[in-house]
């Protein structure tokens, strides 16, 4: 099984958590694209979706899945999204695709977070994948200095503007032993919109694509 086939298996496995007549929260990324393909097969059975990025919105609309603004939706039964890293406590690093803020907002609304990954994303300790931080542009240098004080090595992701019009600093060389604490510390820096640690709101169910099939962790 190739890595993409493992992603596809995890994406399709998430369909079992989609409730009939519900509005589904949908994340962003290569694994989620497989989930969107799967979701299109039952678009007649759901009311539609809320998306965490312009890219996912475009893909869903092209497949005929109705996409709603989050402000017009009271609740979501599930949010399905991938991760760049996930540990044994269901804490994640997300935001490799720069959609972390919208992903975090949609995840906060959903009753259940279903994380879909291939087996390369499982780690014991978060931090080998650089931690994305969304920053208001004028605060870039200040925030970078504060991130250095926290032990990180921030690098400006050149040429990337988020869907919210902000920039991304990728923080390298962090061994993240206390994800919740670090998530709060970084979010407390003035000028930070949010960071890619999903620890205060981690995953509820993990679906891992492996060469032997999909493994479920709860």
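Quick reminder: no glycine exception, Cβ is built from N, Cα and C everywhere.
Sequence annotations record features per position, and here Swiss-Prot assigns substrate binding site to 28, 29, 30, 31, 81, 82, 83, 84, 94, 95, 96, 97, 121. The Cβ of residue 81 (substrate binding site) has 30 neighbouring Cβ atoms from other residues within 10 Å, across all protein chains displayed. When secondary structure is read from DSSP and collapsed to three states, residue 81 (substrate binding site) falls in the strand class.
The active site, proton acceptor annotation in Swiss-Prot covers 103. Annotation note: residue 103 (active site, proton acceptor) sits in a helical segment as assigned by DSSP.
Remark: of the binding-site residues 28, 30, the most isolated position is 30 (fewest other Cβ atoms within 10 Å of its Cβ).
The local packing around residue 83 (substrate binding site), expressed as other Cβ atoms within 10 Å of its Cβ over all shown chains, amounts to 30.
It is 9 Å from the Cα atom of residue 94 (substrate binding site) to that of residue 103 (active site, proton acceptor). The Cβ centroid of 28, 29, 30, 31, 81, 82, 83, 84, 94, 95, 96, 97, 121 marks the substrate site; residues of that chain outside this set whose Cβ lies within 8 Å of it are 27, 32, 117, given in sequence order.
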